[in-house]
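Enquirer: Pasting the relevant annotations from TrEMBL:
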- 110-131: transmembrane segment (TRANSMEM)
- 263-286: transmembrane segment (TRANSMEM)
- 317-343: transmembrane segment (TRANSMEM)
- 349-367: transmembrane segment (TRANSMEM)
- 379-397: transmembrane segment (TRANSMEM)
- 403-424: transmembrane segment (TRANSMEM)
- 445-468: transmembrane segment (TRANSMEM)
- 488-509: transmembrane segment (TRANSMEM)
């Protein structure tokens, strides 16, 4: 079912070619040959869930896990978080470049990367949440398996997004000498790049992206729920903020550190099972459409790099979303610690995180309607800036559980916009590039992989610096309470700094040149080009 089309040498059209009635079949439905069923879109969306499920679990819980469960020094934790993300970022362009040169197979170009990487990704993810029975070498353990997992994820999504990834991100692999290691990265980049290969119609791609974003946000909800609800009650600290005697009070609920470690393993095992099931659904329900019959230009890595980085609309889009993404990454990476130590809601932090992600999931369809009705640039300005007043409110008022839930509910609306919009706008840049460079073909993956590179590298910097700042503030590993300086640092990391980054990002996006008129014009030109190529291919096969 999920086999790629066009494995045969002559299959340059999306419709079967028969000797009789060729004209009727090729003229038949222009719309139908690019149309995706709701089932196709849903299966495509489900394929993006593993990246978001694991991403939300790592994003919300890895920092607090390394500090309070594995009990690493904040300096060592910052190294793991930075190097892991930086490693992941560097591999993206390399993998993207190599994948763009991979050949079409019986199941497509992207699907082999996804299928081969899944077992390795599952194994390494599980080992991230295992506390080894030795002290010396713990840092190396987490660094190695975190880097390996990030590598495996890169190729498949997304995200991406896309993702892809949300995210269209094409498959790219490491050099041959480390090809086996990089198979781990094969899931997210190829998956994200599928956006450009599931249909040639922009409307269908946008619709599929909306399905993907909806499922991916639900994936973050699921990841947050599984990880949070299983490990949320497993703490060896008092559940009341006033009790800071290390858990010796008879009026508070505590568990041993070993039970907490066991809870993290159970949560990771459940997520691994879901990861495999989603990969199977993606394979069974999604069919890649082969690129047009036009020959693909062959570029060196440096040529591909220049091709991407010299294209103005792409650079403006990437830099703008780089700043806004950094804002939400800082919020995500530090929010669990902020709720626990700055607000004092230790027993409720997992539920507050869950409210954010549920709110985001439920508002994705509304944002899809908004960008269709008012345009993508207006959706960016309104959606991302919506979070700003609530970032101010959460640190400006005295800690109150009800207010925390209300702020989290409202902030989730912006989280949905931050998920959907980058991956909805990246295909527009690729289409714009195709219109202006008709002789350069087959390099869509480069745009997505470099976008993911910038986002992940910046994410590594933000996580590393924020964790390191906690060390300078006097964070005490394994303690049930923290100095006031730590609380102040966490407030800065979840409010003033993200607000500044959002402001800079929106100012840059103001200069993004692809408006609705230009986007519709590009869509029309590319559809005419596709129709012309299909007709030419059909006539050639008839002869």
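Using the three backbone atoms N, Cα and C, a Cβ is placed for every residue, glycine included.
Quick caveat, the model's predicted, so the values are computed rather than measured.
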Enquirer: Hey, does the transmembrane segment (403-424) touch the transmembrane segment (317-343), meaning at least 3 C-beta pairs closer than 8 angstroms, sequence gap 6 or more?
Expert: yes
Enquirer: How about the transmembrane segment (488-509) and the transmembrane segment (379-397): at least 3 CB pairs under 8 Å, pairs 6 or more apart in sequence, or not?
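Expert: In this chain the transmembrane segment (488-509) contacts the transmembrane segment (379-397) - 3 or more Cβ pairs sit under 8 Å.
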Enquirer: Rank 110-131, 349-367, 403-424 by Cβ pairs under 8 Å to the transmembrane segment (263-286) and hand me the top one.
Expert: 110-131
Enquirer: With CB pairs under 8 Å as the measure, which of the listed stretches 379-397, 403-424, 445-468 comes out on top against the transmembrane segment (349-367)?
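Expert: Most Cβ pairs under 8 Å with the transmembrane segment (349-367) come from 403-424.
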Enquirer: How about long-range neighbours of the transmembrane segment (379-397): same chain, 6 or more residues beyond its ends, C-beta under 8 Å?
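Expert: Same-chain contacts beyond the flanks: 324, 328, 331, 342, 367, 370-371, 403-404, 407, 410-411, 413-418, 421, 425, 491, 494-495, 498-499, 502, 505-506, 509.
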